[in-house]
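Student: My structure is below; once you've seen it, I'll send some questions.
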Amino acid sequence: MGQTGPRSSPIVKILDRCLNGDYCSAGNSQCRQGICQCKQGYMSSSDLKECVEVETLPTDEHVTDDSCINNPCRNNGLCRLDKDLGYRCLCPIGRSGSICKDNGRITTPSFSGMSQLILRHYIQTDHEIIIDISFKALNYDGLLLFSSQFPNGSGDFLSLSLRDAYVEFRFDVGGGPMILRNRHRIQLNQFIHVTASRDGKDGSLTVDKEAPVLGTAPGSLVSLNLVDRPFYLGNPQSEIDKEFKQRLPMGFVGCIKTFHVKNKLRTHLYDLSYPQVSDHIMSGLDIAECGSNSCNSLPCKYGGTCLAKDSDVYSCVCKHGFTGRDCEIVLDPCVMANCHESSTCQIYGNSYKCICSSNREGEFCEFEKLQPIDVPEFSGNSFLELPLGDIGSTAMTFTIWFKTSKPNGVLFYASTYAGGNGDFISLNIVDRRVEFRFNMGSGTIVISSDAVISLDTWHEVMIDKTKKFGILLIDKNPQYNYTGESKGFLTELNLDNSILYLGGFKSRFDIPVDSNITYNLTGVIQRMYINGKLYDDLMLSAKDKINVLPYRGAPCNVNPCLNGGVCIPKMDQVECKCPAKFIGVKCEKRVDSVNRDRPLLFDGETYLQYSNEISEESAAQRSNKYYIKFRTLKSNGLILYQNGKSNVLGDYLAIAIVRGRVEFSYNLGKQSEKDLHIIRSAVDIDDGGWHKILAERHEREGTLKVDNEKLITDSSTEGASQLDTNGILLIGGKTRVNIELPEDYNQGFMGCIQQVLVNDRELHLVQHRRTSSAVNFCDAR
């Protein structure tokens, strides 16, 4: 048998694929990331067959190695220095390979972070533009789309980008930028659909099935001047001045499947494939086919940004505090810390510790540290000052819980000016009768009870002033309901930003002359509600106090609450405010031992607070969507509520049960008490069975559907489209809602709530609570 000669190995050049170092034929090369690359200190020759040692010239610090001096890139490719590859060729669209010598076909374009597509501008967009784009991203940040009035990026512009996995739509028509950001982070490596539009100064952004985010650009200009300017997909490259580039995120990494631009008259569907039958693409750079992107595996850890260098090679740009090829090395443990925003992170070796503020506790300071509530006791020479803030002037309501040991004593008063001057309001006890007085400038109105109150007994007194009318209600008893009316024509009681004096006065010269106040209170004030806002820790809320001591009597003299729970007095009863880890009537149950997904029980006085966007508070909302699954045997009760000002003339939104049926009501600023906007269901729901509510508002238009009934649609009064509130969502009711709303809205919900969705996101009734209110559960059946 004849012998064969030695087996020859194939020549594997720089940038060719390899399995290990034995495959790389060029001297001083190595196999790295599956690609033959030159070792440190060497650069590839122009034919890619060898690695040449880089000669350093220490005597001239201005001489630097530049692998791109003799541009190795063919077919007008752009050479860019690269620390991993020595250099990298950015190939014009239609070309591919390490030096752009190969032909390439594109069906769905993939972007590397350095890529760009420049598209012709076909549609007039000065007054209106609608952009539809479908893409998947491989990084949390990246510029998807950019177009500007001038080539350097100045003047009017519009952009669509990713910032921290949120989609941002920006445009500037000359009065300053308008910025819209979607509500929820997108998922990486999944195709999503975005619609961004502007009509004059008004903008809208919709991501997949999220509710639209709306906004208006500042200034008076309404025309977006982009005449004959192209659209850039990806990185705008060198045309944009550095000054403007700093405002933009880095180039997009991922794939763009579709891109459409339209106005009211015309739609243009861009062809992003190559070679093209059309001429939609003016030029392109560093574009590959979707699926061949080396960042597809999301290799960069801890939020690092991936840059695709070719189909197999990537590099990671690490966030502060991380390093390593894949950003896998943690330099600063506090960068990863889960400490609450109010705490301080301290490094301990390779770990960290969260140093909590005085009102937080837990390993990560994630729990609110409950503080005991001190109820103020007044001794006959005491008083407490409470700032009123902006409480409105046409309508206001005060509710006070108290007990008195003597037949005479002031509960509270306030006046427009110091010294009791100007308008005033007062609530006073005179010979065991309750006396409500107010003066708006046209004479003092006196509303007094006929019946006397008992001493050393808890009482609840509510006073209400709406326009010229006053109401005094004692202990919620209709028999003790007294009314009065001002004889003048004035309707405003001006107390904004004044001081409410509780239990007494500094000096007799501070008392309004016509208030009939003679004595300070000897007794206890347990809590107050001002326009529905609860003050159950008056000593903590006080601006100043003299001779006021914590009350040590019943019902919280012996704390019944377990596991660090705080006793909340409610007349002669108690409620336990539990630490985050415990629930139950007396905080007796650990949260982790209870099925927190069971329906929640509401007893008519269970009022739970949440952020109106679940994880954040939004003071201005163009749209709302709620899904609620519940059951009840009661014919009336407030289920859901958010509001701004105290009266109906301010914005509010409510879902309530009235006479056995669901009502969806809201005011965006144009309704009055005589013209409430209410959408009412035709389905009876007070039968104890499970029912489903779907209530949705987009600007003025509202829809309501209960169970399987036909969708009911109606629109509120023209002139306003945004709901302006305090950002708080209440479930189960409120102590007192807007004054001119139906009285049924003032009844708390009694029944069970199994599920609540806010804008298609789950609101967990236990975990998402803003405060540690007591909760109880229903039987899930």
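Each Cβ is built from the backbone N, Cα and C atoms, and glycine gets one as well.
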Student: C327 pairs with which of C318, C339 in a disulfide, per TrEMBL?
Tutor: C318
Student: Among the disulfide-bonded residues listed here, C91, C365, C587, which has the most company in the form of other Cβ atoms within 10 Å of its Cβ?
Tutor: C91
Student: Mean pLDDT across the domain 'Laminin G' (373-556), rounded to an integer, is what?
Tutor: 94
Student: Count up the helix, strand and coil residues in the domain 'EGF-like' (291-328) according to DSSP, in that order.
Tutor: 0 helix, 10 strand, 28 coil
Student: Quick check for the class: what is the C-alpha distance, in angstrom and rounded, between C327 (disulfide bond) and C365 (disulfide bond)?
Tutor: 27
Student: Count the Cβ atoms, other than its own, that fall within 10 Å of the Cβ of C578 (disulfide bond), considering every protein chain shown.
Tutor: 26
Student: Do me a favour and check the Cα-Cα span between C91 (disulfide bond) and C356 (disulfide bond); whole Å is fine.
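Tutor: Here the two Cα atoms lie 54 Å apart.
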Student: So if I measure Cβ to Cβ from C318 (disulfide bond) and keep only same-chain residues at least 6 apart in sequence, which ones fall under 8 Å?
Tutor: C300, Y302, G304, G324, C327
